[in-house]
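*Asks:* According to Swiss-Prot:
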type	residues	note
ACT_SITE	10	active site
BINDING	91, 92, 93, 94, 95, 96, 97, 98, 99, 100, 101	ATP binding site
ACT_SITE	130	active site
């Protein structure tokens, strides 16, 4: 019997860098959501752990011991076996938590296959800062180094367009370029948004503190943001340390789709582009 788990894209709608610990880890305050765009993990019983990778974004990925999917399997039960397959649809190292989402989906699927309890957030954190929030992919406020997760007020329905200009961004270099690392967090109590225009108006007053150094490293990110805004996005921003950007649209089933197809895929065929809804 095969068990399947979806690994949705993780989007940082806000990302405030609020400090840096003595061990070098940066402190964040981020509003995180997920989209119905993502990778798929399938697991089935086997005597040993194996990993097969396919899909349109599988190029450059290898089933090596340091692959997050295999690390997740070893973390959960190093003595157990399973045949794992990963269908990769999200670009690698693109700021939307693809590897972390894959690891989290692997933990969920293998826990079900092996009849084990899901790992704690503390255990998941050993795989990466984004893995705990991806373990149970619902809208959340992520603070600290990714170890402090909390609920947020209900979000209005919205569709989303994700765009990656196919450039690499060095996350360590982006953090290193930050001149000020002790910035203001979001307000302790988040508002209750009545509708999408009110929510996007609030987002416009928030920040992604990594956007400026990421754009300095890869100026094409600014072109992506401008393309999304010109296409009518109610709000456009960069997720994580880039280079993937997002545009938010009404949940009418056609605005995001038409933007993704007509404006971005035709005007910029070299960019990766996907559309869907925020979960």
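From the backbone N, Cα and C atoms, a Cβ is placed for every residue, glycine too.
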*Asks:* What is the Cβ neighbour count of residue 99 (ATP binding site) at a 10 Å cut-off, with all protein chains included?
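*Replies:* Residue 99 (ATP binding site) is surrounded by 26 other Cβ atoms within 10 Å.
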*Asks:* What is the number of other Cβ atoms found within 10 Å of the Cβ of residue 95 (ATP binding site)?
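*Replies:* Result for residue 95 (ATP binding site): 30 other Cβ atoms within 10 Å.
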*Asks:* Around residue 130 (active site), which of the listed recorded positions (10, 91, 99) come within 10 Å, judging by Cα atoms?
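*Replies:* Hits: 10, 99.
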*Asks:* Determine, to the nearest whole angstrom, how far the Cα atom of residue 91 (ATP binding site) is from the Cα atom of residue 10 (active site).
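*Replies:* Taking the Cα atoms only, residue 91 (ATP binding site) lies 12 Å from residue 10 (active site).
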*Asks:* Show which residues of the chain containing residue 10 (active site), separated from it by at least 6 in sequence, have their CB under 8 Å from its CB.
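*Replies:* Same-chain residues close to residue 10 (active site) (Cβ under 8 Å, separated by 6 or more) are 32, 33, 34, 96, 97, 100, 101, 130, 133, 134, 137, 239, 240.
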*Asks:* With an 8 Å cut-off on Cβ-Cβ distance and a minimum sequence separation of at least 6, pull the same-chain contacts of residue 93 (ATP binding site), or say none.
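*Replies:* Listed in sequence order, they are 99, 168, 169, 171.
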